[in-house]
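*Asks:* Okay, handing you the structure first.
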Amino acid sequence: MKTNFSDVQNVRHEQAKHSVLISCPPKIHETKFLQYLAQHGEVASHFFFDSNGTHAVVEFVDLQSVESLLSVTKIPSDEDVYVVPYKSRYIRVKTTNAGQQFPKCWPQTSLPMNNLIEKLSTAENIEDQAQMLLDELQLTEESIRLRYLVSSLISDIATAYFPEATVHLYGSSVNSFGKMGCDLDLFLNLEDIKGYKSGKSTGAYTAEFWMRRVSSGRTAQQKILSVIGECIDSFGPGCNEVHKILNARCPLVRFSHQPSGLQCDLTADNKIALRCSELLYIYSNLDHRVRALVFAVRCWARAHGITSSIPGQWITNFSLTMMVLFFLQKRNSPIIPTLDQLKSLAGKKEKCIIDGNDCTFVGDLNKIKQTANTETLDILLIEFLEFYGKFDFKTNCIDIRKGLEKNKPEVAALYIQNPFEQTLNVSKNVNQPQLQRFVNLAQESAFILQDQVRESAKIGKPWGLASILLTNGSDRETTTKRKKKILASERIGGLLDSLKDNGNTGKRKVEH
Ligand code: GTP
Ligand code: MG
């Protein structure tokens, strides 16, 4: 039985509400610390981590325990500064009875690239390499809990103004494609406020709230985000480097949450993006190869500077994911269904229209038929690289809704149709040189992998996925030289073959 997106979200949100973030002394007696907390109720789970000091995330079984702990927590009395008396679930625990030991901290960083390459080279095949890479890079249970807790703390700030608003996580923190250290995408949902559009009339009378009116939804979002951004900046415990980026296509507040080390992007009313996260979650949970291939491709692209953490004309992780999904839909026996097929499986209650866009698809993973395709990741990785190494980007656009190439509706180096807002291009930002770098790299990497199949050259050197993560070094240079040599000999071979073919055709012509 597979767990649906909304069930995961509900469980995680509940866990977060029952949790507190605690700054601890660097050395602490773990058992005594837990005994101290247990005075307020049973602790369901806890872990320590080290990020700008030692911290703990502690989840209580009952919500009252959180209240109880907060009720005995005092406002600090620093003498030379004035503290802003905003209370939150981020607290500091001090003790006169510090332990002798550092608590076991959960590691927050993943293996550096060189070590990762070394580790991957010990695997049996690319399938295992991809799994290793996934195990190394994916978000850990602790990181997921911490992300939901930060979201919950931000929600507490936002709901001080808008009590019925909710804060949701979207993007790679929840769509199963998140890697350690990825940003935290949050959105403030004001639309689902109870009675937002309904209300009740009594006889001839109706009542409505007297509300400020602004010229557009975008203006409303900008105003709300501006105020919430101000609150986060002025009162948000542990939040700093707050930037309001309100003129972006999707207005947002960017800030750093210091104790968790997370870079957060808060947007308003970004329901389509949440829907998109659910769609990606569904795809990734349908078949284990989806996540493994997406991680491998994202890591490969990042290693070569195809993607970047700085916004610009590069391909984004989101676009890369779309490309992997499209490729998997295009296999002879498709590994994942098209979005239209997922839509056709949706029940009546799952019909979902957001801002006039049809975002309907089935939410129950167990209703989707498993693929009969059994191709290994060894095959899929090479074929992915070959597929995009020779994809006709000039003419065609990528569309995961239909799972078919179609003519580009407008000029753009790379056109990936937005699955929900179907007139938009997800990769509009990408320019021709960046696309060309991607294509060249895909061709070169495909060649490296094929060459290894030809040479069965595994021993002692990075091979398979590890070899295409290498950015320079002698191995790569040797391969490039070999590639030129082989390409030249293939070209001559091809020429001879085509001469032979022409001869045949000529003969047939005579025969007919
Ligand atoms: P990371 O690089 O790991 O953060 O991946 P991500 O999927 O979280 O990407 P990002 O933080 O850039 O964006 C968050 C979410 O916003 C994505 O998962 C998408 O749902 C959505 N998104 C990002 N870029 C676009 C875009 O160009 N168009 C549309 N429609 N949605 C986008
Ligand atoms: Mg993100």
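Note: Cβ is positioned from N, Cα and C throughout, glycine not excepted.
The shown structure was predicted, so the numbers you read here are calculated from the model rather than taken from an experiment.
Reproduced below are the annotations present in TrEMBL:
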DOMAIN    5-73  domain 'RL'
DOMAIN    127-284  domain 'Poly(A) RNA polymerase mitochondrial-like central palm'
DOMAIN    380-422  domain 'PAP-associated'
*Asks:* I'd like to know the mean pLDDT over the domain 'PAP-associated' (380-422).
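*Replies:* In the predicted model, the domain 'PAP-associated' (380-422) has a mean pLDDT of 96.
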*Asks:* Going by DSSP, how much of the domain 'PAP-associated' (380-422) is helix, how much is strand and how much is coil, in residues?
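*Replies:* For the domain 'PAP-associated' (380-422), the helix, strand and coil counts are 10 helix, 7 strand, 26 coil.
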*Asks:* Grab the same-chain neighbours of the domain 'PAP-associated' (380-422) for me: Cβ-Cβ under 8 Å, and only residues 6 or more beyond its ends, written as numbers and ranges.
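*Replies:* Contacts with the domain 'PAP-associated' (380-422): 126, 130, 272, 275-276, 279, 289, 293, 296-297, 315, 319, 322-330, 334-335, 337-340, 354, 357-359, 428, 430-432, 434-435, 438-439, 442-443, 445-446, 449-450, 453, 465, 468.
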